[in-house]
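J.: This is the structure I have questions about; it appears just below.
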Amino acid sequence: MASTANPMQVMKKKLEGKVVIVTGGASGIGQTAARVFAQHGARAVVIADIQSEVGKSVAKSIGDPCCYVQCDVSDEEEVKSMIEWTASAYGGLDMMFSNVGIMSKSAQTVMDLDLLEFDKVMRVNARGMAACLKHAARKMVELGTRGTIICTTTPLSSRGGQSMTDYAMSKHAVMGLVRSASIQLGAHGIRVNCVTPSVVLTPLAQRMGLATPDDFHTHFGNFTSLKGVYLTPEQVAEAVVYLASDDAAFITGHDLVLDGGLLCLPFFAPS
């Protein structure tokens, strides 16, 4: 008779007993990550997001141990309060997945850079990440927790592009933040890493016109060396779980790239 056991019940739960915060957890990669973290045995998964109705619905669908907290990461006081509440409510903080990110609606080329949109993107993507990392680190140090902080970046954090200049700049800033923090927080046993997915089939990608795997291959098939596959939110979430787990106990300051070989493509290829 075939076994009906849940595969996650058979697998090792890599976040057993951990208290975890996911910013941007109401949708996209963050929502999937919250579900995967709960499946991996997290004691508490706090979804921190500005999308209150969606966030509450996601937390309810995941069930115990998940909850939703309203938080605008561009407001440092809200970030601090959210982290304080989490540590007080659940008796600690083991992991921060700083995942929230936005893009401008326009192309944002250098010569047509809308600086109001630029400020908005930098406020969320760079300043917001810094606030999350700062206050998560402070709480972990205060509690003597050898925790882990993981930020979401993009291949544009190490490359330029024909557009999205403000987005690329904001993600370059995140990479610098991660590398600096990994050096400064190592003395406290806190590991800081980032995960760098290329295009994932999420609501953000859908707003770019990528609603299906076929759309992905049409627009980005030539920009990966690995053919016939595409990146899913679940794969990104499992990469984050790895970085947060004891399996990665000696990894800090690392950029775990999930790009199908995009960054390895040659600058010049024979015709």
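Using N, Cα and C of the backbone, Cβ positions are placed for all residues, glycine too.
Copied straight from Swiss-Prot:
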ACT_SITE  Y167  active site, proton acceptor
BINDING   24-30, 49-51, 72-73, N99, Y167, K171, 200-205  NAD(+) binding site
BINDING   T154, Y167  substrate binding site
J.: In this structure, which of the binding-site residues Q51, N99, T154 has the fewest other Cβ atoms within 10 Å of its Cβ?
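T.: Across Q51, N99, T154, these binding-site residues, the one with fewest Cβ atoms within 10 Å is Q51.
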J.: Restricting to the chain of G30 (NAD(+) binding site) and a gap of 6 or more, list residues whose Cβ falls under 8 Å of its Cβ, or answer none.
T.: V22, T23, G24, I47, D49, F97, N99, V100
J.: Helix, strand or coil for Q51 (NAD(+) binding site)? Use DSSP.
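T.: The three-state answer is coil.
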J.: By a simple count, how many Cβ atoms lie within 10 Å of the Cβ of G24 (NAD(+) binding site), its own Cβ left out?
T.: 29
J.: Counting across all protein chains shown, how many other Cβ atoms sit within 10 Å of the Cβ of V200 (NAD(+) binding site)?
T.: 20
J.: State the Cα to Cα distance, in Å, between Q51 (NAD(+) binding site) and the residue listed as 'active site, proton acceptor', rounded to an integer.
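T.: Spelling it out, the Cα of Q51 (NAD(+) binding site) and the Cα of the residue listed as 'active site, proton acceptor' are 21 Å apart.
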J.: Quick check: in three-state DSSP terms, what is the residue listed as 'active site, proton acceptor'?
T.: helix
J.: Relative to the Cβ position of S27 (NAD(+) binding site), how many further Cβ atoms are located within 10 Å?
T.: 18
J.: Check the DSSP secondary structure of V200 (NAD(+) binding site), expressed as helix, strand or coil.
T.: strand
